[in-house]
Amino acid sequence: MKEHTKNTIDYRPEIDGLRAVAVLPVILFHAGFDIFSGGFIGVDVFFVISGYLITSILLKEHQQGTYSILKFYERRARRILPALFFVILVSIPLAWHLMLPDEIKLFGQSVFSVATFSSNLYFWLTTNYFSNSAEELPMLHTWSLAVEEQFYIIFPVFLAVAWRLFKDKILIVIFIMIILSILSSEYLWRYHPTANFYLLPTRAWELLLGAALAFPNIKSHCRDSMMSSILALFGLLAILLSVFVYDKNTPFPSLYSVLPVVGTCLVICFSSKNSITTRVLSSRFFVSIGLISYSLYLWHQPIFAFLRISDLNEESFLLKVASIGLSLLLAYLSWRYVEAPFRDKKKVKRKAIFSWSLSGIFACIAIGLMFHFNPNVSVQGTLYSKFSSNKGALEPNYGLPYPGCNAFDNKFSICRTKPDAQVFLWGDSFAAHLTQFFSEGEKGLVQATMSSCFPNTNYTPFESSGVYNRAWAESCNKFSNDAYKYVLETDSIEYVVISSTFSWPFNQRLTYDGETVRQVSISEYIDAISKDVRRLRAAGKKVVIVSPMPSSTSKTLRCAKKVLVSSSEDTAHGDLTTSHCNFTHPQNRVDVFLEKVIKGSEAGVFDFREVLCDGDDICSMFVNGDIVYRDWGHLSPYGAKVVQDTYDVGPNILAVAK
């Protein structure tokens, strides 16, 4: 992301300072400081800066007749690849030592995607950027590098062709592309928000706006005056406002992005020599951080991710500060001894830089493929391969072994254990993992579950920046209403078991009500579910609401996995070992929510804390020495069977139905 241009265009120290303003919020956001909830907008600031600086160089070369595509990619290779490959090189042994097989497989895939400049595509297909699991991905931040490199595969060629064919109309074409890119982001955040976040078409306008600033037609309007000083200061404040006001639920990129992006444009355009903005950004502190900003951006995510994967307490304030300090130290060393030498054309010739670059690319591809196809090569994997009895305990639980039984196209006539089944299981994945409690019972079971689909007929909460979008919300709403209709029309159904994470109303800001998207209060959700339950009970159905499993954390889950992979089968079942992975699950807002639903509907309730926790709300991921969770809150098929065999949960759930 860093483009130091001292030897090619007029050096502007305030732009190095602006890089500091971009990178520091990103780091503080990833470190977990909640006050910097919009710190991710720093990447957008980088995009604008990059577009401006690189286009400035390209235009100067075109004007002087010295443009060369080979020279352009040589510059990119010198500035981007050495530090990137060095960070990957250091990350590989850490991953090999710390990661479990499933984790190192994903790490290998991400390294492969970095080497092929496709990590934004990879994370689009695999990861919600704002999810908890994303915090443990060392290469997550490279998505933005991929966006830039994809842009610079296309843009220099476009500019070269346009310079020959329609030089006077280049800006018009660029502004048309900017408008199209903004429109695409406005559409995609509503329907495909993950694609919107990661992909080039919806990010291109930020780079293109920066590029537009480099054209003389635009530069001529950036005059040194009192008004320009005010506009530059306004731009800086707009960036800072975005950092503190925006959060993970802000649709991004979208029109909301205009605030930090245009703010960056104002700083670049109107920062005159004597303005307060220039004086602040040109200060030694900001320029120093700006100079190492690229290396700092590269180092921070692996450091945070590996600390979270380790057994250290990543929530410790001192550890967060120490992690940032370590990032700064490594960034300086990387800048001083890796970035700077490779930029020096006297020390590293063109042939050498291309040779080193190709070697690094092929090495990363090879290592990525090795970790993908042989994840047990890691230290933890070697131990894991020796352990066999509980491997199935970590598998996902989709309920009945029929296709589509935990999806929106669920066919209730297929997803059942007998034609006249009496038990109807309705909800999201937290309902699906209860299937084993009823599937072998005499009463029979119909499974009506859709992952992440909140069980009610009125409201469907969904994300603005995740995999669950407006189109998905419409499918979920239809699924829930079809399930509800099936229950009312099927005489054999006697029991309705409803379960969910029940946290969706708290976590999401957007709600589809069957017709429009609007804000829905918690009380409206409570009334809607209570109304659904009352109608079911009025139709003669016995209803029980099952609370979600006691929720652990990724650290607790990793502890449980380490019990499996680092101990013999006998000691893995020892109470002392498994007790290290206990966790607390006190009453929370979901419990209060369910209490109000129960009061409003008079349904029965089953609380899993009575099974998996003691009287002090200390819970375990193990039952009789066997791990029963497959992640932070779901039972595996194996785990559900262990719980059922031990506690006979199914009949106990039905016994409290009302």
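Cβ atoms here come from the backbone N, Cα and C positions, even for glycine.
The feature domain 'Acyltransferase 3' is assigned by TrEMBL to 13-335.
What TrEMBL lists as domain 'SGNH' is 411-646.
Within the chain, the transmembrane segment (16-33) has long-range Cβ neighbours (under 8 A, six or more residues past its boundaries) at 1-2, 4, 39-43, 45-46, 49, 135, 141, 236, 239-240, 243, 264, 267-268, 280-283, 285-291, 293, 296-297, 300-301, 304, 314-315, 320, 323-324, 327. Residues or ranges marked as transmembrane segment in TrEMBL: 16-33 (among others).
The feature transmembrane segment is assigned by TrEMBL to 39-59 (among others).
Per TrEMBL, transmembrane segment is recorded for 80-99 (among others). Panel annotation: around the transmembrane segment (80-99), residues 107, 111, 114, 138-139, 142, 145, 149, 294-295, 298-299, 302, 306, 309-310, 334-335, 338-339, 342, 356-357, 360, 363-364, 367, 371, 377-380 of the same chain, lying at least six beyond its termini, place a Cβ under 8 Å from a Cβ of the stretch.
Within the chain, the transmembrane segment (143-163) has long-range Cβ neighbours (under 8 A, six or more residues past its boundaries) at 1, 43, 46-47, 50-51, 54-55, 58-59, 62, 67, 69, 72, 76, 80, 84, 113-114, 117-121, 123-124, 129, 169-170, 173, 198-200, 203-204, 207, 211. Per TrEMBL, the feature transmembrane segment maps to 143-163 (among others).
Summarising the annotation, TrEMBL assigns transmembrane segment to 170-189 (among others). With a threshold of 8 Å between CB atoms, the same-chain residues lying at least 6 positions outside the transmembrane segment (170-189) that come near it are 159, 162-163, 195-196, 201-205, 208-209, 211-212, 215, 217-218, 251-255, 257, 464-465.
The transmembrane segment annotation in TrEMBL covers 227-246 (among others).
Among the features that TrEMBL reports, transmembrane segment is placed at 252-269 (among others).
Sequence-distant neighbours of the transmembrane segment (281-297) (same chain, 6+ residues past either end, Cβ-Cβ under 8 Å): 1-2, 4, 13-24, 26-27, 46, 79-80, 83, 141, 236, 267, 271, 327-328, 330-332, 334-335, 338-339. The feature transmembrane segment is assigned by TrEMBL to 281-297 (among others).
The annotation transmembrane segment is assigned in TrEMBL to 317-333 (among others).
If one looks beyond the transmembrane segment (353-373) by at least 6 residues along the same chain, the residues whose Cβ comes under 8 Å of a Cβ in the stretch are 74, 77-78, 81-82, 85, 88, 92, 95, 104-105, 107-116, 342. Per TrEMBL, transmembrane segment is recorded for 353-373 (among others).
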Per the Cβ under 8 Å criterion, with at least 6 residues separating them from its ends, the transmembrane segment (227-246) contacts 21, 25, 35-42, 45, 252, 256, 259-260, 262-267, 269-272, 274-278, 280-281
Same-chain residues near the transmembrane segment (317-333), Cβ under 8 Å, at least 6 residues beyond its ends: 27-28, 31-33, 292-293, 295-296, 298-300, 303-304, 307
